[in-house]
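The structure under discussion appears below in the form of structure tokens.
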Amino acid sequence: MGLLGDSITIRGGKPLIGRIELKGAKNLVTKAMVASLLGETPSVLKDVPNISDVRIVRGLLEVHGVNVVEGVEEGELIFDPSNVESAHFADIDAHAGSSRIPILFCGPLLHRLGEAFIPDLGGCRIGDRPIDYHLDVLRNFGAVVEKLPSGIRMSAPNGLKGAKLELPYPSVGATEQVLLTAVRAEGITELKGAAIEPEIMDLINILQKMGAVITVDTDRVIRIEGVDRLEGYTHRALFDRNEAASWAAAALATEGDIFVGGARQGELLTFLNVYRKVGGQFEIHDDGIRFWHPGTPLNPVFIETDVHPGFMTDWQQPLVVALTKASGVSIVHETVYEQRFGFVDALVDMGATIQVHKDCLGGQACRFGQRNFNHSAVIVGPTRLHGADIEVPDLRGGFSHLIAALSAEGTSTVSNVGIIARGYENFITKLRLLGADFSTED
Ligand code: EPZ
């Protein structure tokens, strides 16, 4: 999509059938790009998807003096950090857009330049998404954090030193912050309460290729021995398991049959179990996974989102659309983000029966239980969705709106679809390949 006009008109009710190919995971690739700042020599990253989050990070690297060029293979980027330099606050701000990635530049830039700036951070509108863990971690390494009206300035007058750290919650970003900072800090860092998502493990693979010494113990403990010098890396990014789960849900919701090339079983185990319980069919192949609707009624399920190895928060939104078609009552308890059910309003407008509740429904009490957040959803099916005019609220919610429109009877206009291009490469082309009936504004 040539970042098309911002809306598409979908004539729903047609099953999505065909094959699409995945590239590297957005949530690894963007961090791997930041890691290139730590090397003394160029890095080569393969399977980089053409998504706007990648373009944002590329722009941020370039304003910091990193030379970024395309390699010979499609999706290959080469990063040369020989001339890393401080960037102007206004340039960082202009390139960062609404991304949260600038916070992860801090450790590498403090090592290389002794200072770093971050503008006010955005990211998808899913709760407050604070950065307190990141700032605490950086302070513990010895960074001085100054809050300015337009953002945050950091410096490391005495260099960064390894630290004993413990996260209050296994945050993905804060764990990456620790990794990207500790690998070049003086001495040993021990992180308790770390997140262990596959994308984090792949970042550790990259850092080890660069020369880092990192041990992952049982019980969410990661130990890093700082080293004086890191080299560039050559790495093929882990596939995007969130995109895989999204297309799998699309196959269920539209009664279709989609082969997701590049998807692997290991990183999707938990998703596949739930998919099977809903009634979804799948077949694991060497080069991908085929997902399809059984042709019989779907089953309701109870899902609790969690950090890895639990059911990922990013998988629930697309699956909720399929659950509106299951026969009975499903419950989704969201325990990672406090406000990730904004997207269901549009589904209700399309005829779904979904109620959101402040209580922790169906499972364990979570940290949002007593805090007035609508974080449990009850979905009653089966319902037939009908077309509507809907506006995309965030990345995953947006993809679920697309699926809802594709599975609905009649015509829908989905606006603000540019957000979906943050994380789904060529989704318009993929929809065409799968036989969707729609027209774009341009
Ligand atoms: C990453 O966000 C992903 N983003 C998210 O994907 C994903 O949903 C999330 O991890 C969980 O897996 C990227 O990798 C770019 P967290 P991140 O820190 O790192 C709280 C998508 O659609 N928290 O693990 O920002 C936070 O509010 C996106 O692809 C603090 O309180 O997530 C949340 O409740 C959306 N203080 C929880 O921790 C902090 O300083 C987990 O967040 C940091 C986080």
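Heads up, the Cβ atoms here are built off N, Cα and C, so glycines get one too.
Model, not experiment: these values are computed from the prediction.
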From candidates ASP132, ASP314, ASP359, TrEMBL puts in the same UDP-N-acetyl-alpha-D-glucosamine site as ARG100, VAL336 the residue ASP314
Should one count Cβ atoms within 10 Å of each candidate's Cβ, the binding-site residues LYS26, ARG100 would be headed by LYS26
Taking every pair from ARG100, ASP314, VAL336, which the record gives as binding UDP-N-acetyl-alpha-D-glucosamine, the longest CA to CA distance in angstrom is 17
